[in-house]
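**Student:** Quick one: the structure is below, questions incoming.
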Amino acid sequence: KKKALLGNGARTSSASKMAGSGGARRGLLTFLALLILFATTSSFSFSTPASTLKLKSHATKLPVLSQRTGPSFEPRGRSKLQASSTKDVQSTGEPTKQFFLKTLWDFTRPHTLIGSALCIPAIHLYAAPLSTNPSIVRLIHSIIFATLPSLLMNLYITGLNQITDVEIDKISKPFLPIPAGRLSKAAATIVVLVSLVAGVALGWADPVFCTPALRATLLGSALLGTLYSVPPFRLKRFPLLAALCIIVVRGTLINVGFFAHARAATYKGAAAAVPPLLALPFRDLRCGLLTAYFAVFGVVIALMKDVPDAQGDRANDIRSFTVRFGQARMFQVGRRLMTALVWATGGGFLAGAARAA
């Protein structure tokens, strides 16, 4: 009897430890999901609150986007950037090394780099199977081999868009390096091509940590980014196709690709269980929820991305949603959709935490 009691006690203790461990893992995954939410949404921000902009949903007239008067949809720091750039050129007579590095940094569109740099490690942690104790070394290697080529590919896509949008940016975003005259189109083209070649090369640099999912993500993003910006395709001319490109890349390709890459490269024991890339969101609940969230977030980006470019798009015959329906209306639609998405996600987290408790 004593042996039986001891055995039952050991099993009970073991079960309670496992339950506690499972609860801790669930709590960690909830925290990591919030980290992913912060990582990507932090790279997509507006310069001033809606109350300051004084936008009305029924307004149809495009407000003048000026640096001096009226509401501005332009990023913070524009005046400081222009002032520092002018000061450097006037004081030295030629761009200094520091000025060139600052110009190159601005050309990368840093908010997109920061979002990618945060998102990739967060998805790696989010993809961890509950029953797996990952190797920290493998985790770090996988993150590095995914992050470096992804940042270069991000630079290729954003840089290519700036090169092909110079005439639009001269009106809408004259503070950007090319329209501001701080970076020539030839130099920008070299930077973009080097980034593309280096990104692809790094995507094939290692047979273990450069997984097929990572390569598919890199090539798919580059292809859609090219079709979006470059004539004769230039899908950005067509609002629905432009929105579809953004939703596919931001909502599906990046999240599913990095999720599958993390499972295959970091959590080797789960590699055989990784479904094909297109089927992964339907077979893995966490990947499906991640994809659904960022698909809606991609819709927000697609609606909001052209709000600052309305006058430039109109002058260059780009019939974006903003040009068709007005800046104020699209801003309000995007803001309300984003608010609903965040509240719905927060409600889901609270419901999950309540069930776990």
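Glycine is no exception: its Cβ is also placed from the backbone N, Cα and C atoms.
So TrEMBL lists the following for this protein:
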- 81-91: compositional bias 'Polar residues' (COMPBIAS)
- 1-22: region 'Disordered' (REGION)
- 66-91: region 'Disordered' (REGION)
- 139-157: transmembrane segment (TRANSMEM)
- 186-205: transmembrane segment (TRANSMEM)
- 211-228: transmembrane segment (TRANSMEM)
- 240-262: transmembrane segment (TRANSMEM)
- 282-304: transmembrane segment (TRANSMEM)
- 337-356: transmembrane segment (TRANSMEM)
**Student:** Give me the stretch from 186-205, 211-228, 240-262, 282-304 with the greatest number of Cβ pairs under 8 Å to the transmembrane segment (337-356).
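**Tutor:** Out of the listed stretches, 282-304 contacts the transmembrane segment (337-356) most.
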**Student:** Same-chain Cβ contacts of the transmembrane segment (240-262) under 8 Å, 6 or more residues past its ends?
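**Tutor:** For the transmembrane segment (240-262), the far contacts come to 119-120, 123-124, 126-128, 142, 146, 211, 213-214, 216-217, 220-221, 224-225, 227-228, 274, 277-278, 280-281, 284, 286-287, 290-291, 294-299, 301-303, 305, 320-321.
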**Student:** Are there residues at least 6 beyond the ends of the transmembrane segment (186-205) whose Cβ is under 8 Å from a Cβ of it, and what are they?
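**Tutor:** The answer is 104, 107, 145, 148-150, 152-153, 155-156, 159-160, 162-163, 177-178, 214-215, 218-219, 222.
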